[in-house]
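Trainee: Okay, handing you the structure first.
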Amino acid sequence: MTANPEKKLVSLPQKRYYRQRAHSNPIADHCFDYPAHPDEVNWVEFYPDYGAYPSAKRVEFADVGCGYGGFLVTLSEMFPDRLAIGLEIRVKVSDYVMDRIKALRCQYVGRYRNIACIRTNAMKYLPNYFVKHQLEKMFFLYPDPHFKKAKHKWRIINQALLSEYAYVLKKGALVYTMTDVDDLHKWIVQHMAEHPLFVRLTPEEEASDPITPKLYESSEEGAKVVRNKGCHFLAIFRRI
């Protein structure tokens, strides 16, 4: 077998050193550094080639609650000329994603330079990073279901936040949601259907989207559901 001359021998981080509890209270006062305005974000810190893009080039894809970054890596491979960001609230998990991207960039020179991860709370600070109508795609893959009724306000999809998501999304942008919890799926569909700025795609439109097949196994949570022979509940919405 011929060795890949572009690949360097740099080990990927091991998850066992980045373990953290699965649940996090998004309403609690976590310690975050965040910009006062999107113009204050130093994107060169996250994307080494950011200065080489046209001045109008901005982050267009956001994976909210990106977990260990599996789907983020898939986005990099599918859309090498688009900038994608992963947003993760858990400190050790976000550290893993950052280290994983660094290792991949060393292993495959010139690749994976269009993805990055920020530790932040998307429920609080999304407008601090993105201007109005900036994002083309948002992903909410296997979000924490917060089963107890008293904690439903912690769910990443809720009526109070949907207007904020609509603010940062372009007209015609897509919101992808996937979960293995039927109750959460119904909650998401109900709240997004009730919002005047979102409409659900038809099953035919969902099936024809080239991203749809990747939603099932690209993320670590999705792969786990497949291994356990669980159910996937998909819903994609357009920002109108």
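Think of each number as a place in line: the chain as shown, counted from 1.
Using N, Cα and C of the backbone, Cβ positions are placed for all residues, glycine too.
Pulled from TrEMBL, these are the listed features:
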BINDING   G65, E88, I89, N121, A122, L141, S219, E220, E221  S-adenosyl-L-methionine binding site
ACT_SITE  D144  active site
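Could you tell me the structural context for the features on the list?
Mentor: Around the Cβ of I89 (S-adenosyl-L-methionine binding site), the number of neighbouring Cβ atoms within 10 Å comes to 22.
Counting every protein chain shown, the Cβ of D144 (active site) has 19 other Cβ atoms within 10 Å.
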Trainee: Which number gives the other C-beta atoms within 10 angstroms of the C-beta of S219 (S-adenosyl-L-methionine binding site), all protein chains shown included?
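Mentor: A count of 26.
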Trainee: When you measure from the Cβ of G65 (S-adenosyl-L-methionine binding site), how many other Cβ atoms are you left with inside 10 Å?
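Mentor: For G65 (S-adenosyl-L-methionine binding site), the count of other Cβ atoms within 10 Å is 23.
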Trainee: When you measure from the Cβ of E221 (S-adenosyl-L-methionine binding site), which residues in the chain that are at least 6 apart have a Cβ under 8 Å away?
Mentor: G67, L141, Y142, D180
Trainee: Express the distance between the Cα positions of G65 (S-adenosyl-L-methionine binding site) and D144 (active site) as a whole number of Å.
Mentor: 9
